[in-house]
Amino acid sequence: MAVRVPLGCTGSFCPRLLPLLALLELLVDPSLGRVHHLALKDDVRHKVHLNTFGFFKDGYMVVNISSLSVNEPEGVKDKDTEIGFSLDRTKNDGFSSYLDEDVNYCILKKKSMSSVTLLILDISGSGVKVRSPPEAGKQLPEIVFSKDEKVPSRSQEPAVSSNPKDSKVQRTPDGSKAQRSTVDSKTIAEKFFSIHKNDGAVSFQFFFNISTSDQEGLYSLYFHKCPSSKLRSGEQVSFSLNIDITEKNPDSYLSAGEIPLPKLYVSMALLFFLSGTVWIHILRKRRNDVFKIHWLMAALPFTKSLSLVFHAIDYHYISSQGFPIEGWAVVYYITHLLKGALLFITIALIGTGWAFIKHILSDKDKKIFMIVIPLQVLANVAYIIIESTEEGTTEYGLWKDSLFLVDLLCCGAILFPVVWSIRHLQEASATDGKAAINLAKLKLFRHYYVLIVCYIYFTRIIAFLLKFAVPFQWKWLYQLLDETATLVFFVLTGYKFRPASDNPYLQLSQEEDDLEMESVVTTSGVMENMKKVKKVSNGAVEPQGSWEGTA
């Protein structure tokens, strides 16, 4: 466990950060990672998704159920309620067909199921029945029960069944044809193993090895509870489960599709840092045309770069030891939260034209920020909870759905300032005498609107679909597309709103300042016979002008 080092700080800013740091300390559990521990108490769900992991050859999974008990209403026997586990194998992260059934569907009652191994518990009989499909041992690994608590080695053979007449099937590591058991190879093979029972709770351990390349894939482990039909209305069967899951590939605790992520994050962090450095050089070179929003834009790539570096470090420790280091995880979550909030604030400020054409936000603009900022903080908190919570917990699904909804609302909200600016420019180009400048800025805003829509489309929709379409070992392409789209969005936004005298976005600011000054002067009787003379230097119109008398 990581040792916490007390940090000291002074000033009024640090006390404001203390509640956030305390929240992050509570959310981050150093024991979580690819070595999983899940404890459920009096749970009433029919199906619990315990974990999903992509395995290469020589990978393995060890599942240790230290306690599993069922609490049934009076009059219902143990055999009336079926409980057990299922191990599903797919080639990608798509949805399993057998899990898309209605609520009353119970996979444990199915006699034949392709690519799914079932473990059906008999608590009263202190045993578990393993129902394997015909391809078990060839395209699917065999489930091995063992009383040994040690992690199995790659060359370890499956343990012999506790039932002698079921011990005829042995796995062949060289991929040769397995021996025929008491059941035909084209039918479902069933084996029975004895398990330990104490005070109504059972405990046992099983594991499997990926011995051939044909067995590689994305494996999902589920817990199922099939209530009895004898239950009366309002009655429920609850269960308590304490389980530890260890899963590992040959050289990493990361899933097959996550192994390249540390290197990917470091590479993208370098690109974001270089883009930020180039942007700082442009700002220093064009100091006379720089606004406050340009410096806010400069902070964004550096914050993103830091977030990616800490994310890479976090994944490095998970890869090497199976769980993150608490300190690095907290630092990553802080930078991720700041990056997310800064990104949406910057996009909204550019859309409203703050610091470019106006220095005070309108009431409509303020309402947008009052909506976007809390939603973005909530989205980042949901992300942190999801990252530091096991999939099988009841709150995991709730926070995952909340993150999707809140992120969608944020993406929709930041489009409103751009739409309002486009509508305002359309009206202004038809009324005032500066139609050319307004039309140029209108074209720029339309490009920015399309840019935001494309960014949302690629990072929220295309990348999401890619994650479910590509094979399990290429799942990291989802993150590559997401980070690449973000980098392209940063570069194009900087190019569109770069500090330059020929930028229509900045020219409008200077022309409107002149227009406001003319309206003030013409309403003054003292300056009635004065006309404005603009000073021109280096081909650019300066915002301030001098006045001379005409009398």
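A Cβ is built for glycine as well, from the same backbone N, Cα and C atoms used for every other residue.
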Swiss-Prot topology check: Asp365, Phe497 same side of membrane: yes
Range from 263-283, 293-313, 402-422 with most C-beta pairs under 8 A to the transmembrane segment (476-495): 263-283
Intrachain neighbours beyond the topological domain 'Extracellular' (389-401), with Cβ under 8 angstroms and 6 or more residues off its ends: 32, 36-38, 40, 43, 45, 48-52, 223, 382
Helix, strand and coil residues within the topological domain 'Extracellular' (314-336) as assigned by DSSP: 19 helix, 0 strand, 4 coil
